[in-house]
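Quick notes on the structure that follows.
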Amino acid sequence: MAPAIDSTVNDLQPNTPNPEKALSSQAQAFVRAYSEDGDSGGQSVLGAEDPLSPLNPRGERFNARAWAKNLAAVTRERGEGFRQVGISFQNVNVFGYGTPTDFQKNVGNVWLALPAMIRQLFAPKGGQTRIDILNHFNGLVRPGEMCVVLGPPGSGCSTFLKTISGHTSGLHVNPDAHFNYQGLSAKEMITAHRGDCIYTAEVDVHFPMLTVGETLTFAARARSQQHLPEGISRNNYCDQLRDVIMAMYGIRHTIHTKVGDDFVRGVSGGERKRVSVAEATLANAPFQCWDNSTRGLDSANAIEFCRTLRLQSEIFGQTCVVSMYQAPQTAYDLFDKVLLIYEGRQIYFGSTSKAKDYFVNLGFECPARQTTPDFLTSITFPAERIPRPDCQPPRTPDEFSQVWKNSLECKALQDEINEYNMEHPINGPDADTFRQLKQASQAQGQKVTSPFTLTYSQQVKLCMWRGWARFKADPWPAVWVMVGNTIMALIMSSLFYNMGQDTNSFYGRSVVLFMAILFNAFSSILEVMTLYAQRPIVEKQSRYAFYHPSAEAYASVLVDMPMKITSTISFNLVFYFMTNLNRAPGNFFFYLLVVFLIVLAMSGVFRFIGSLSRTEQQAMVPASVLMLALLIFTGFVVPVDYMLPWCRWINYVNPVAYGYEALMVNEFHGREFTCSTYIPEYANATSGTGACSVVGATPGNLFWRNVGIIIAMVIFNYLMYFIASEYVTAKKSRGEILVFRRGHTPSIPAKGSGDLEKLESGHATTVLERSDPSMVHKGEGFQGSVSVFHWNNVCYDLEIKGKPRRILDNVDGWIKPGTLTALMGVSGAGKTTLLDCLANRRVGVGIVTGEMLVDGKVCDQSFQRKTGYAQQQDLHLETSTVREALTFSAFLRQPHSIPKADKLTYVEEVIKLLAMQDYADAVVGVIGEGLNVEQRKRLTLGVELVAKPPLLLFVDEPTSGLDSQTSWAVLDLLEKLSKAGQSILCTIHQPSAMLFQRFDRLLFLAEGGKPVYFGEIGNDSSTLIDYFERNGAKPCLPGSNPAEWMLEAVGAAPSISSEGDWPEIWRSSPEYQSVHHELARLKAVDIDQLSADKPDPTSYNEFAAPLWQQLVVVTQRAFLQSWRSPSYIYSKITLCIATSLFIGLVFFNAPLSIQGLQNQMFAIFEVMSIVGQLVDQQMPNFLTQRSLYEVRERPAKTYSWMVFMLSQIVTELPWSTLASVFMWALFYYPIGFHKNAQAAGQGTERGALMWLLFWQFLVWVSTFTHMCISFVDSADDGGNIANFLFVLAFFFCGVLASPSQMPRFWIFLYRASPLSYWVSAVLSTGFANVQVTCTDKEYTAFDPPKGSTCGEYMAEYISRAGGYVKDPQATESCGYCTIKDTNVFLAAVSSDYDTRWRNFGILWVYIGFNIAAALALYWIARMPKGKKRL
């Protein structure tokens, strides 16, 4: 709220509405009493701790107006004031470049968009149409005034708000447009004073794990002024501001409740919306733009929101511009001015009290009971406006615009604007005053040209406070990381437990150090993903000028530091000492320092990648290739001397390589080891005639040089991360355009005007009259209800934090065929919960009691598929078209006995009924690139209608987010359906009087789910009004909205208290007795009819379609979904190609030497490292379809859970097959495996088997992913499980440690690891039965005894140990190679060529296990097991 005394400004200006007139006498008395009693100004601001004080926001008698007036008085007493910003704008034209439609990209046609993308690089506007959005706008909003912006979606409301608030990314404003922000230019306002001119979008993004109190405390501390009265600490003052705002918006009770989101349980949707509003209010901007911020609020809370803005404007002189799609009359009357937009044209700007008369004088009629805002927006709908017969009013947007420009009102507005501009010239005295007052409110040392209140260091401290709060709210991930690290350290170190002090441990020690550096380096890779979740929040708060994005980045690094230290210690302390590395204290702490620096260096790298890329898909491939490069060029997999020249530079820039080198020196420098194996191992061998079988090394001491280099890399990486986080923003939407399947794009002319973000809304807002009304009334093809659904004493109990809580309390009612029943209630009354319980969607969650009967019968297992439930969230598969979504529902939900042709015909009838012909082949898409809000609502209804629900239709919030005319159209549809015999129960938030009148009956709930009324509404709501007035409600005045009046009567708004116990009044009323008599009659009549019923046995089946048909239809849709997700498919294929190609080139043409064989083995080892990335790519796609299935399709009994799981698994097979071809070709041939096969005379068989193994590997990864994600909620949890299991399989596959080297205890893990069999099969297929030729460095050199040749001297040893001598006839400098053929090498890693096909078969068993486990785990963890219904 503006109290945010971040502003210290001049007194209210003469043109500001006088707050004295607005204050009630009671509030003035409060102010005088408590201002005089306060010891100081500061204490009077805080209002003491008296619970009865109207200035105490924690008290029951808190009065917001008194508090605000008191604050204003205290501020003036100190010689200060409040910053104020008005705005005048002249000749504003806004346009953009885009396309009204686009074709849907899929795997096959995505390349067709490449020329356009190239053209865009060189000519950004090429191939795009100029779209005029706003045309010639002029207006003036003075400080302390409120302006409401009205217009249908797509008219330009959002663009107007963004333009005047300076958020014009993707938009173009004409150069000669003039803006005057009370003496400040637009450029200065947008750059230097961004936080004083904010735009609040309608989306709610918050950190879900923070409480409401913490979220709002952060906002208050980020923007509150720095200079306060003596005796008040800044934190106490910010807490006071927070409490005041929470009390104003009625969310004081949620202070300790998590905000939550779609995955984290928290406050309700309406409360979350109020948290967003409260946060923006605490931003304390003197100029505020609110874009449809009342969406999701009931009318009482929407009015309360506007009253709060009115209070800010009156007391503190703040300027508010608000767009509202459904504005209650009471809210409209709180505004000073109104702007009406018609397809991008300004057709009125002026006083709210004169707007109605302006259009009436033009020749339009305002129907009785229609509110002024509804009348004004109806002017923009030809089908809704009512011209008088004796007039010729304007018809087109251009005509309306021209009439406005020629009007006396427009001329008066221009004169007022010119006068304002003369009073407040750009860079005049007002601008200087504003800058001085802003400087006074900023922290010491902050520049006035900075939009931020706090200094950079203060921003970092505040973000650290929030980061620590986030950690405390959810510490378990960090705890599990430490536990997991300790477990992994125990397992991995036990592989090399207590290594000896001899040369046999050399390889083991190098592997141990490699594993340590690898584990620590990549422990931060998940930080790439966490950045995307918080990016929308950081960008929003940066727009509010809370902090620099880089300050949040810096703070997150510091907050994560303790966790990084503890996780590093938890792993390395166990790992270091169990493996018996150098136990000298200095060496241990040096090791700990190096691995910690590597953790920081790689954290900076991954964070930089995440900040640099706009989407997760963009980050995945480069992160994977980077991981691969760092891993290969560490110096272990490929020794430095064996690195190819073209890629040697990677080793120089690799921090992991410097760390590994430092650890190797730290481990071996200055130590002596006993030689374990001499060559030849003869009893009479001397030092001259034998040698130790270990490769030598070059002495050196690179301890601190490498540490210095790593520290420099840490600093550089984090610096790049901070820069990227500051300047790289998330991917922006292209604007709301329709996307069609290629070949189905209709010829839609460009509008030439409209809102770029909502470009196609105008096309979609087709009135329902376009469909043939006779189709519904005649009942042609449409099936209505024939049964009565009734319920009695329904209760719903839930356990929250260990305490029982009743959500619904003895609710009664019925729905009869042909009736439209409204379900209303105060915010949080349990409206959606009641729908869920009645629709049997709360199975397994809480306890439902009471009777729910259909024609006197208890609901059977077919009840859910016989009812339609149009949910508030418009959940649809993004890649499906409208027609496909409807066809899918018809095929699986209509009875199997109905012919396919009849189902398709009915789909077309529903498309006509819902007037969706223009976009029937449009893709659902996402908001911004696909259907708009209204089109999604219609599709949601359509999906339920094509199912032909024989019982009833539940509709949850069908008008949420829609403008009044579109809401009318939706209610028109529901009314037509009810007249055709359909039974409908519909929840609704903000009905106008005319909208409310269209319902037949009302079920009204109070807080706690207690019924307040159930019965007829009556003509002009007479029955309802009579009931409430008869029981003590104040009279409903003529012309007022009965729905709003009813909500106020029961105390729905935070500032309104109910004078009576309405639930108790209802239970004592004769109407309540009549309801129970009718319920008893319905039950008795239905029981009498039971014997006459002869239902079809198939009607009791759980699903309408047989299992085989479900599998075919669902699999087909799942495949289409993947086919139409080219970003996923090409990311998967690109990852496989890039990985194989990179490995193939790094190990290009590997020789058949000892090191060459090791390189080939490690090439196979590196290929397996992409499992984590493939898992991360696949999981989000699965979760998208699972969310749709579990939220909408499973409760509707559309198809079986087993069909869902199997369809997801089958769909991945074609793409795994395709990727395996590229992966095999780019791996098998560059490395040279084909040469090995040809040398062994088995080229065809080995090549084919190698491809089968690669294909099998990708299939295994796919099924492994499904197993890990099937039963958990999020991709993070599934990824952690998959990562843990994969690491075990990865390290125990026999590459890093052969089975003979493993402790006996861990042999079972080697045998249990599926990768053991895959690696064995690939190794043996890759280079079995081939001769080995050692390089010069690989020969062990020694001299034979005098008189002997090398061959003679080594004959006995070779017969026992194998190998060969380089030159058997030599008499000196014998060169001995320990391996003669590749089979010896394979035997050392327990790989046998004869078991290749056996291993191939065993891996299929693992794949089968993955599938079975995925099905079992899904059923156990996610399928409701029973009905908690009594």
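Please read every residue number as a count from 1 along the shown chain.
Yeah, the Cβs are placed from backbone N, Cα and C, and that goes for glycine too.
These features come from Swiss-Prot:
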- G825, V826, S827, G828, A829, G830, K831, T832: ATP binding site (BINDING)
- 112-368: domain 'ABC transporter 1' (DOMAIN)
- 789-1032: domain 'ABC transporter 2' (DOMAIN)
- 1-26: region 'Disordered' (REGION)
- 476-496: transmembrane segment (TRANSMEM)
- 511-531: transmembrane segment (TRANSMEM)
- 557-577: transmembrane segment (TRANSMEM)
- 586-606: transmembrane segment (TRANSMEM)
- 620-640: transmembrane segment (TRANSMEM)
- 707-727: transmembrane segment (TRANSMEM)
- 1133-1153: transmembrane segment (TRANSMEM)
- 1213-1233: transmembrane segment (TRANSMEM)
- 1249-1269: transmembrane segment (TRANSMEM)
- 1278-1298: transmembrane segment (TRANSMEM)
- 1305-1325: transmembrane segment (TRANSMEM)
- 1400-1420: transmembrane segment (TRANSMEM)
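Structure with Swiss-Prot features highlighted.
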{"residue": "G825", "record": "ATP binding site", "Cβ contacts under 8 Å, 6 or more apart": "K831, F1004, L1005, A1006, V1012"}
{"residue": "G828", "record": "ATP binding site", "Cβ contacts under 8 Å, 6 or more apart": "S268, G270, E271, E1007"}
{"residue": "A829", "record": "ATP binding site", "Cβ contacts under 8 Å, 6 or more apart": "L1005, A1006, E1007, G1008, G1009"}
{"residue": "G830", "record": "ATP binding site", "Cβ contacts under 8 Å, 6 or more apart": "Y796, I807, L808, L1005, G1008, G1009"}
{"residue": "T832", "record": "ATP binding site", "Cβ contacts under 8 Å, 6 or more apart": "Q872, D956, E957, T987"}
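For the ATP site, the Cβ centre of G825, V826, S827, G828, A829, G830, K831, T832 serves as reference, and the other residues of the chain with Cβ at most 8 Å from it are T833, L1005, E1007, G1009. The stretch from 476-496, 511-531, 1305-1325 that makes the most Cβ contacts under 8 Å with the transmembrane segment (586-606) is 511-531. Remote same-chain partners of the transmembrane segment (557-577), defined as residues 6 or more beyond its termini with a Cβ less than 8 Å from a stretch Cβ, comprise 460, 464, 467-468, 471, 478, 481-482, 485-486, 488-490, 492-493, 512, 516, 519-520, 523-524, 583, 588, 591-592, 595-596, 599-600, 603, 607, 718. Comparing 620-640, 1133-1153, 1249-1269, 1278-1298 for CB pairs under 8 angstroms to the transmembrane segment (1400-1420), the maximum falls on 1249-1269. In the three-state DSSP scheme, G825 (ATP binding site) is classed as strand. Tallying C-beta pairs under 8 angstroms between the transmembrane segment (1305-1325) and each of 476-496, 511-531, 620-640, 1133-1153, 1213-1233 places 476-496 first. When each of 476-496, 511-531, 620-640, 1213-1233, 1278-1298 is scored by its Cβ pairs under 8 Å to the transmembrane segment (1133-1153), the top-ranked stretch turns out to be 1213-1233. Counting Cβ pairs closer than 8 Å to the transmembrane segment (620-640), the top stretch among 476-496, 511-531, 1213-1233 is 511-531. DSSP assigns G830 (ATP binding site) to coil, not to a helix or a strand.
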